[in-house]
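Here TrEMBL flags 1-96 as region 'Disordered'. Feature annotation from TrEMBL assigns compositional bias 'Polar residues' to 1-12. Under the heading compositional bias 'Low complexity', TrEMBL lists 47-74. What TrEMBL records for 80-94 is compositional bias 'Pro residues'. The domain 'Histone-binding protein RBBP4-like N-terminal' feature in TrEMBL is assigned to 118-187. If you look up TrEMBL, you'll see 272-307, 371-406, 416-458 marked as repeat 'WD'.
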Amino acid sequence: MSTSPRTSPNNGHTRKNSRMLSQLAAVPTRGGHSIYHVDVNREDEPAPAAATAAAAETSVAPTATAAPAPSVSAKSIQPSLPPPPPPSAPPPPTDFEIEMANASAEDREIMQNKIINEEYKIWKKNSVFLYDIMYSRALDWPTLTTQWLPDVKEVPGKSSRNHRLLIGTHTSGQQQDFLQIAHINLPPPPSMSMANYNENTKELGGHGAAKEPIVFSVVQKIPHPGEVNKARYQPQNPNIIATWSPHHNVYVWDRSKHPSVPGTDIKPQATLKGHTAEGFAVEWNPFVEGQLVSGSEDKTVNLWDMQRDFKRDNSTLAPARTFTQHSAVVNDVQYHPQHGKNLFGSVSDDLTVCIMDIRSKSPDRPAIHFKNAHKDAINSLSFHPKHDKLFATGSADKTIGVFDLRFPDHGKIHSLEGHKDIITKVDWHPMDASIIASSSNDRRIIFWDLSKGGAEQTPEDAEDGPPEMLFMHGGHTNRISDFSWNKNDPWVMCSTGEDNLVQVWRASRHLVETMPASVHRREVSAS
C-alpha cells in the first residue's frame, strides 16, 4: 500500500469539510423527507489531537475518462453514468497554503493539529443531527483491522441486540499483541412508528430518545505474533479466522479452542508459510470451504487449501499455488461474489487490476487485465455484491474507479473524486446497489450514491463535492485503518483509526435512506 505522506490541509479544504459536516444536518433525504433524527448524548469537550488520542483509556462520544463508457446502472444499474467533467486548471495557492509551505516541520504539525481539532469540534457539534447511533471507544492500542461477525443475538429483557466485532492490536512491540473479539449491544434500526413522534421537534425519534445505553466489551483475547495487520473470518465457520502478521506469515485460528482470558503461549491452529514479506491482503473463498488467498509486499498472491493440507493443530502449510501476475506490492485480494469458486481479483502498486482464474495453468497471466487503471498505487478492490460485471477500486491518486469486467480496455467507466488524501479502502453497501463507502488518510469515510451521477447542482452544493457524495463521517482525528458494514443492520458501520478509536455509527436515516414519496410525518403507521 502506498505510504505517501498526507497532503497538508489548506483553507479551501477546511472550509469545505466544515461546511459539508455542518450542512449535512439540513440535507433532505434522498426521497425528500426529514424523518428520523439522532439519538445521542452530547459532550462539549473537544477530542484530543491525534498525538494525544492514545492516552485516553476509554471515551464515549455521542451515543445513542477516455473511451465511451459502456452502459452501467446506478440504482438499477441500467442507465449510463455520465463521463466525469474535464479537469479544470488548479486554483492559485491560498495565503494559508503559502504559509504552510514556508513553515517549519514543527510549525506545520502544530497548525495541522489545530485544524484537526477545529474540524472535530464542528463535527461533534453537528453529530446530533448526523447520526441515529454514534458510539466511540478509545482502545488501549489501535487496531488495524475490523470486521463484523455474521451473527446477532437478542438481549433478554431488552430491545437492543448483541453484535460481535473482530479487532486486533498494534502495540509496536511494546506489549503482547492480541486477536480480539468484542461484543456491542446496539438498539434496533429506527422504527417508523408514531409512538416515536416528537411534537416539539416535529420529527420521529429525535435527540434523547434512546431507551438503553450502548454496551461495548472485549470478551476474548488470543495472543498473536506481532500486530494484526488484517483479520477475516471464514464464511462457512466464523470461528475460523485468518490473520496477517508482520512476520511474513498468515495464521489460522479456531477461536473456540482458545480461552477467553489469554495465556502467554501463541498457538495458532495453522501457520501458512510461503511469503517472503508481510502483507495486508487476505480473503476466504465464500464457495470453497477452507480455501483462501493472501497478497503480500513480495509481489505474489498465494492460494491455500486448508481442507486438503491441514492435518492437525500447529500445522505448517505450504501454498497450494503461487500467482505472480503483479510487478509490485499486492495491496488487496477478493474472491468474486458470484463466480468466486474460480475467480479472484487483486490490485497492486503496479497500477493494475488482475482477475485470476485458478483453473488456469499460467500463474502470471490474468484472465482479465486492467492496465494503468489508476495514476498511482491501487490500495483496495471491491466487487459489486449484486451486479457481477461491476467492481470498484480505491487509489493513492485520491480517486475511486468504477469498472466493467467486460471492457478492460475502456478503463474507468466512472470516477469519484472528493477525498483529499490517498484512499485506503472501498466497499459496496451490502443491500443498496447504488451505495459505496470509501476511507482515506484524510480521516474521512464517505458514502457515495451512484444514482446521483450527473444530477444538477447549485454552485454552493458543487463547492461541497460532487452530486454522488451522500454522507461524510468526520469522527476520527487520525488516519482510518479499516471499516466494515454490518449486514444485520445495513446502515451500521464500524470504523477504526490510528487515533486508537473504534467507532460504531449509523448515519441518520433521513440523510441516507430513500423514503417513499407518499410518506409524511403524519402519515407514518401508528403501529
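Backbone N, Cα and C define each Cβ position, glycine as well.
TrEMBL: automatically predicted annotations, no manual curation.
In the displayed structure, how are the listed features positioned relative to their neighbours?
Residues 1, 144, 229-230, 232-237, 242-252, 316-335, 337, 340-341, 344, 346, 348, 356, 358 of the same chain, all 6+ positions outside the repeat 'WD' (272-307), place their C-beta atoms under 8 angstroms from a C-beta of that stretch.
Long-range contacts of the repeat 'WD' (371-406) within the same chain: residues 1-2, 4, 70, 72-73, 77, 81, 328-329, 331-334, 336-339, 345-349, 351-353, 355, 412-417, 419-428, 430, 433, 436, 438, 440, 448, 450, each at least 6 residues beyond the stretch ends and with a Cβ under 8 Å from a Cβ of the stretch.
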Using DSSP, tally how many residues of the repeat 'WD' (371-406) sit in helix, strand and coil.
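So the counts come to 0 helix, 18 strand, 18 coil.
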So, by DSSP, how many helix, strand and coil residues make up the repeat 'WD' (416-458)?
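Going by DSSP assignments, the repeat 'WD' (416-458) contains 3 helix, 19 strand, 21 coil.
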